Each structure stands twice: as structure tokens, then as C-alpha cells.
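Only one structure is covered here, and it is reproduced in the block below.
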Amino acid sequence: MTKGEDMDMDLDTYTLDGTLDIYKKPANKKTTGTWKACRFILGTECCERLAYYGMSTNLVNYLEKQMNMENVTASTSVSNWSGTCYATPLIGAFVADAYLGRYWTIAIFVAIYIAGMTLLTMTASVPGLTPTCSGDTCHATGGQIALTFIALYLIALGTGGIKPCVSSFGADQFDDTDEVEKESKSSFFNWFYFVINVGAMIASSVLVWIQMNVGWGWGLGVPTVTMAISVVFFFAGSKFYRLQKPGGSPLTRMLQVIVASCRKSKVRVPEDKSLLYENQDAESSIRGSRKLEHTKILTFFDKAAVETESDNKEAAPSSWKLCTVTQVEELKALIRLLPIWATGIVFAAVYSQMGTVFVLQGNTMDQHMGPNFKIPSASLSLFDTLSVLFWTPVYDQLIVPLARKYTGHERGFTQLQRMGIGLVVSIFSMVSAGILEVIRLSYVRTHNLYDEETVPMTIFWQVPQYFFVGCAEVFTFIGQLEFFYDQAPDAMRSLCSALSLTTVAFGNYLSTLLVTVVTNVTRSGGRPGWIAINLNRGHLDYFFWLLAGLSFLNFLVYLWIAKWYTYKKTSGHAL
């Protein structure tokens with residue numbers, strides 16, 4: 001066998017993206033990765049999300065009923081905790097990218113997660129740790145409340161190491177240098193989001209029923225057992241996994257580029273960009289990362305890669321003085337992602353209305369299903385989940401093949417096109433909610449029902465707005481997951497995935513800000529306001545029109561940003 005034939009065999013046998021198997025050997029394409037590994041990852045995610053939503057969906061009731069907290073205190077506590085759950089992924093992502101890699105980060109943080117879930121279950125089932133209750137009133141001690149919050153924040157820390165890593169770890173199972181595997185990666189993100197919603201659907205229906213009708217011990221114990229099952233799923237697939245090597249601290253590398261650029265602020269960047277400093281080997285100098293090709297934007301940072309006489313005099317120039325093109329492009333890639341990230345905040349604000357204003361609107365409508373059963377208005381979010389479960393396979397199996405015929409693109413739509421479609425659909429969700437409110441208020445005026453608690457209009461008229469939100473999620477949230485993974489430098493993928501998750505946190509903050517400002521402005525002078533205490537005397541439709549208008553403006557800004565976005569280009573293979 002010639003040397004050339006031996007190299008061809010290696011190309012066919014092993015991945016070229018630098019991934020290793022669990023034994024730290026080059027990953028074999030035939031025995032590792034792809035769907036044979038992803039089935040374990042998808043099973044892990046489904047169980048983990050079922051456990052998370054099974055505990056969090058009804059958490060406000062647990063704090064209110066078991067811990068005897070007031071409504072506002074319980075609601076604020078849950079909001080603060082939820083915000084923390086979307087902030088801790090930045091910690092987990094940094095640890096994964098810089099030091100441990102995604103596999104070992106998940107393995108360690110899942111132990112913290114299990115500890116938190118177990119402790120929370122104990123606060124609802126172990127005598128002495130559970131509050132004493134007489135009838136419907138419970139009396140929790142300071143220690144019992146403290147123990148509950150220790151458990152909750154252990155869970156928040158645990159989920160911070162899992163959320164940004166699981167989706168990226170699943171995508172790692174597909175080699176970007178292999179066109180067949182690269183095409184399958186897009187389907188992975190669709191099915192990843194699908195199983196999230198399967199878990200959420202079971203949690204919001206079955207587990208919430210257990211908590212309210214059987215007891216909190218069982219209601220929190222089942223999610224804990226489910227979390228344990230997710231751990232079994234994860235480790236069962238270990239021999240099939242491909243592991244990306246950690247590349248060291250990305251924050252340090254980006255800071256080095258900024259410092260080196262400022263030091264050389266008066267240095268002129270050569271016209272011939274091939275003269276910029278780069279590692280001459282096929283591999284990047286950043287462990288686990290392929291080289292990034294030079295882009296013609298943010299050229300100030302190119303100064304960090306300009307070799308000067310003082311650099312040439314040093315045998316090994318300091319990275320704080322001279323950086324490779326790949327290192328410079330890492331920083332540029334993150335900066336390019338930020339405008340796209342910002343447009344996701346408005347979409348997340350629209351998404352957050354399902355748990356707030358949609359519920360308020362539903363409270364004013366007839367919630368009966370038959371003569372004896374009354375559906376809680378918050379439970380209509382189930383139609384959002386059903387919409388996601390409907391649109392995910394439709395998009396993957398029908399829309400993508402059809403779009404591929406017309407666009408010629410391997411994924412049917414580019415990632416930016418996909419997210420843009422979702423932004424448009426989200427406008428329809430606000431328009432749908434606004435039209436329903438106009439009709440509802442017209443009914444109130446016509447029949448003089450201003451002081452009635454509910455209007456004789458079935459709550460199921462809200463289904464379209466939930467259905468539109470679910471459809472928008474399939475396009476924008478899944479597209480965002482894929483986009484931030486794909487456009488992130490190889491050694492920063494967990495960090496960029498965590499960054500995409502923070503749009504949900506900021507979307508909630510934006511929603512809170514809008515509600516606060518609108519309430520203060522529209523209630524001035526003794527007026528009832530748009531979001532009135534008695535919604536029959538308010539104008540909730542105006543708030544929906546405001547969100548629709550902001551979403552439309554956000555879409556126009558997004559189009560402008562997307563038009564000028566430069567996709568990353570890689571070369572060589574990872575070390």
C-alpha cells in the first residue's frame with residue numbers, strides 16, 4: 001500500500017474535525033458519532049427536560065402552598081431562580097470550552113443536578129424537612145425554606161453545565177468536513193427541540209396532576225427518578241461518542257487580541273492579507289479548532305496579527321503582542337454574532353407572553369370544557385407544545401425537501417432565512433392575540449359586561465396565538481440553536497450556545513420592562529390603563545399591537561443585519 005493510499009484510508013476512517021473517542025483516540029467514523037450516538041443524547045435530553053419542567057412548571061404553587069409564601073414573594077422567587085437557570089450556562093460553557101470538554105462537563109454538573117433534585121424531593125417527603133400542615137395551611141421553618149432554596153440553586157447550577165453543552169455535544173457527533181454528516185446535523189437540531197417539547201408536555205400534564213392530586217413527595221420524586229434515568233441514558237452511549245478537545249480559555253484569547261490590537265494601533269495592516277501571522281501547519285494553534293480564514297470586517301483587530309520587527313526578534317512572540325489570524329477571527333466571529341443575538345431578544349419577549357399576558361387574557365374568558373371540567377388558562381400553553389411537536393417533523397420531512405428543490409440549499413433554507421421566517425410568524429401570533437382582544441372587548445361593550453369576571457367566549461379562541469408561537473419557535477429557536485453552534489469557532493461552541501440561551505432571559509427582562517412602562521404611562525391621571533386591573537375596562541389589544549409593531553421593526557433590523565452577515569470559513573483540520 002502506498003503512502004497516498006494510506007492517507008486516503010485515514011480520511012475515510014477517521015473524522016477530520018479533531019474529535020476523539022472516549023479512549024482519547026481519533027474518532028472512527030464507522031463506530032462513533034452520527035445517529036447511533038445521538039439516540040442516547042436525545043434520550044438524555046428528553047428525560048432531563050421532563051425532570052426540569054416537572055419540577056419548575058408548578059414551582060410557584062409549591063412555594064406558595066408548602067412554604068407558605070405570599071403570591072408576590074413566590075412569583076418573584078421563581079422568576080429570580082429561572083433567570084439564574086439561564087445565566088449559569090455561561091459558567092458551564094466556559095468550563096467546557098476551556099478545560100473539561102462537553103462530555104466531562106455534563107458528567108460533573110449532572111451530579112450537582114441530581115443532588116439538588118434529591119434534596120428538593122426530601123424537603124417534600126422526609127419528616128422534619130417537610131413543613132407541618134393543618135388542612136390547606138402549612139408552616140415552614142426558616143431552615144426548611146433555606147434547604148429548599150439550596151436545593152433549587154444546586155439545580156440551577158447543575159442545569160448551567162448541561163443546557164449549553166448537550167445540544168453542542170449532539171452536534172459534535174457530525175463531522176463538518178463530511179458533507180453527508182453535515183447535512184444530517186440540521187435534522188439533529190430539529191429532533192433535539194422536538195424531544196424537549198415531548199418532555200415539557202408530559203411534565204405540564206401528568207406530573208403537574210400528580211403534584212396537585214397525589215402529593216408533592218411523589219410529584220417531585222418522579223422528576224428526580226427521571227433525571228437519574230437521563231444519567232443512565234447519557235453514560236450508556238459513551239463508547240459511541242465523539243469528544244471535542246477543549247481549546248483553553250476563549251476569554252483569554254479574545255482579550256489577547258484586544259490588547260495586541262491596541263498595542264499596535266498605529267501599525268498599518270498590509271494589503272496582502274496572506275502576510276498576516278498564522279500557524280504554518282495544517283492544524284490551528286488552538287487545540288481542537290480548525291483554522292479560520294480571514295474576513296474583511298473589523299479590520300482594526302487585524303493589527304494583532306501584523307508581525308513587526310520586535311516580533312521577529314523574539315524566538316516565540318508573546319500572544320499578548322502577536323496573535324494568529326484564527327485567534328483574531330475568533331473575536332470577530334463573536335462580535336458578528338452579537339447583532340443577530342440582539343434581534344432574538346424581541347422574539348423571546350413575544351414568546352414570554354405565553355406565561356403572562358396570554359394567561360391574563362385567558363382568565364377573562366370561559367374556561368369550561370363541558371359542564372364539570374374547567375381548564376386553567378395557563379394550561380393552554382400545551383397548544384404551543386403541540387404546535388412544536390407538529391411543525392418539527394413537518395419542517396424536517398416536508399418543508400426542507402420541498403424548499404431544497406427551489407433554493408438548491410442543502411438545508412432548504414439558510415439558517416438566517418429560517419430564523420427570519422420565525423420572526424415573521426411571531427408577528428402573526430401578536431396580531432392574532434390583538435384581534436381576539438378587539439372582539440372580546442367589543443362583546444363586553446355590546447352586552448355591558450364591564451364588571452363581569454368572565455366573558456361568555458370560549459378560551460379556545462386563544463389556540464391560534466399559541467399555535468403561531470409554537471410554529472415560530474420551530475423556525476427561530478431551532479434555527480438559532482443551529483446557527484450559533486455552526487457559526488461559533490470550534491473552540492467556543494459551548495460558550496456561543498450559552499449566549500443564544502441568554503436571549504430568553506433578556507426577553508423576559510424586556511417583557512417586564514415593557515409591562516412596567518406601559519402600566520405607569522397609561523394609568524397616569526387615574527385612567528384604567530392598557531393592562532387594567534379589570535381588563536374589561538382596559539385595552540390589552542393596544543399592548544399586543546405594540547408588541548406586533550416592535551416585532552415588525554425588529555424584523556426589518558434583522559433583514560439589514562442578515563444582509564451584511566459574513567459566514568465563517570474554515571480550512572485545514574483540528575489538532
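Each residue, glycine too, has its Cβ placed from N, Cα and C.
Here TrEMBL flags 103-124 (among others) as transmembrane segment. Tertiary neighbourhood of the transmembrane segment (103-124): same-chain residues 22, 48, 51, 55, 62, 66, 92, 95-96, 130, 144, 147-148, 150-162, 165-166, 169, 215-217, 219-221, 223-224, 227-228, 230-231, 234-235, 238, 241, 243, 494, selected by CB-CB distance under 8 Å and a gap of 6+ residues from either end.
Annotated transmembrane segment per TrEMBL: 144-162 (among others), in sequence order.
For 191-210 (among others), the entry in TrEMBL reads transmembrane segment.
TrEMBL lists 216-236 (among others) with the feature transmembrane segment. Within the same chain, residues 40-41, 43-48, 50-52, 54-55, 58, 62, 66, 106-107, 110, 113-114, 117-118, 120-121, 124-125, 203, 207-208, 210 sit at least 6 positions outside the transmembrane segment (216-236) and bring their C-beta atoms closer than 8 Å to a C-beta of that stretch.
With a cut-off of 8 Å between Cβ atoms, the residues of this chain six or more beyond the transmembrane segment (337-360) that come close are 377-378, 380-381, 384, 416, 419, 422-423, 426, 429-430, 433, 462, 465-466, 469, 472-473, 476-477, 480, 483-484, 487-488, 496, 499-500, 502-504, 506-508, 510-511, 514-515, 531, 535, 540, 543-544, 547, 550-551, 554, 557-558, 561-562, 565. The transmembrane segment annotation in TrEMBL covers 337-360 (among others).
Under the heading transmembrane segment, TrEMBL lists 380-400 (among others).
Taken from TrEMBL, the feature transmembrane segment covers 421-443 (among others).
According to TrEMBL, the feature transmembrane segment maps to 463-485 (among others). Residues of the same chain lying 6 or more positions beyond the ends of the transmembrane segment (463-485) and with a Cβ under 8 Å from any Cβ of it are 167-168, 171, 185-186, 189-190, 192-193, 337, 340-341, 344, 347, 350-351, 354, 358, 380-381, 383-388, 390-392, 395, 415-416, 418-419, 421-423, 425-426, 428-430, 432-433, 436, 493, 496-497, 499-500, 503.
Positions annotated as transmembrane segment by TrEMBL: 497-522 (among others).
Residues annotated as transmembrane segment in TrEMBL: 542-561 (among others).
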Return yes if the transmembrane segment (542-561) and the transmembrane segment (421-443) have at least 3 CB pairs under 8 Å (sequence gap of 6 or more), otherwise no. yes
Would you call the transmembrane segment (191-210) and the transmembrane segment (380-400) in contact, using three or more Cβ pairs under 8 Å, pairs 6 or more apart in sequence? yes
Mind checking which residues reach the transmembrane segment (144-162)? Cβ under 8 Å, same chain, six or more beyond either end. 48, 52, 55, 59, 63, 67, 77, 81, 84-85, 87-92, 95-96, 105-106, 108-117, 119-120, 123, 129-131
For the transmembrane segment (497-522), sequence-distant contacts whose Cβ falls under 8 Å of one of its Cβ atoms, 6 or more beyond its ends: 79, 82-83, 86-87, 89-90, 92-93, 163-165, 167-168, 337, 341, 344-353, 356-357, 480-481, 483-485, 488, 529-531, 539, 542-543, 546-547
